[in-house]
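Engineer: First the structure, which I've put down as structure tokens, then a few questions once you've had a look.
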Amino acid sequence: MSRCLEVVSPGFLLLVTAFALQQSGELLGSILLAAGLHELGHWAALRSFGSRAERFRLAAWGARMACGAGLSYRQEIIAVLAGPAANLLCGFACAQAAGHTGWTSGYLYAGAHVILGAFNLLPISVLDGGRALELILSLWGDPGLARRIVNALSIFTLVGLTSGALWLSVQSGGNAYLLVGIVGLWSMLLRRE
């Protein structure tokens, strides 16, 4: 990934700072480690196919990596799913280490990895799951139709997530952390449209 860091947005710095002021350093560290290993999974898959990351952007709502052309649909599907796969594998490894060694913080790290990996597999076009689904559907037919299907599924999924997050926020007495993430997803989705 040398020389491809395009920008670290002010929004990213603000969100990390706000989170650091309100939460434990270990929680923030586990989330940042999970995010870094997620992106490393994508990068390793790209390198295995002889491609490379051309641009990497850290923004408030996540990281974006753009790669050079030349990947087949199948290779791109693998590269897209490599990030969540890295998280799920690391989550399993952290949970196993915690269970066998008494490393209680391992469960925190496992949770950060599993939540990030599973979240990124949601069928929302701006997430890895949505991109993978669009690529799989494109393999079988019209890429334009695949994009429209995934866009419709993205809206349906986000409406459900928004409803659930609102309910949880009310039930928890106003905890809005989940809503902040969902607002970010809506923002990314609407900008992509």
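Including glycine, each Cβ sits where the backbone N, Cα and C put it.
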Engineer: When you get a sec, could you say which of 85-105, 148-168 is annotated transmembrane segment by TrEMBL?
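Structural biologist: Here TrEMBL associates transmembrane segment with the stretch 148-168.
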Engineer: What range among 55-71, 174-190 does TrEMBL record as transmembrane segment?
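Structural biologist: Residues 174-190 are the ones TrEMBL records as transmembrane segment.
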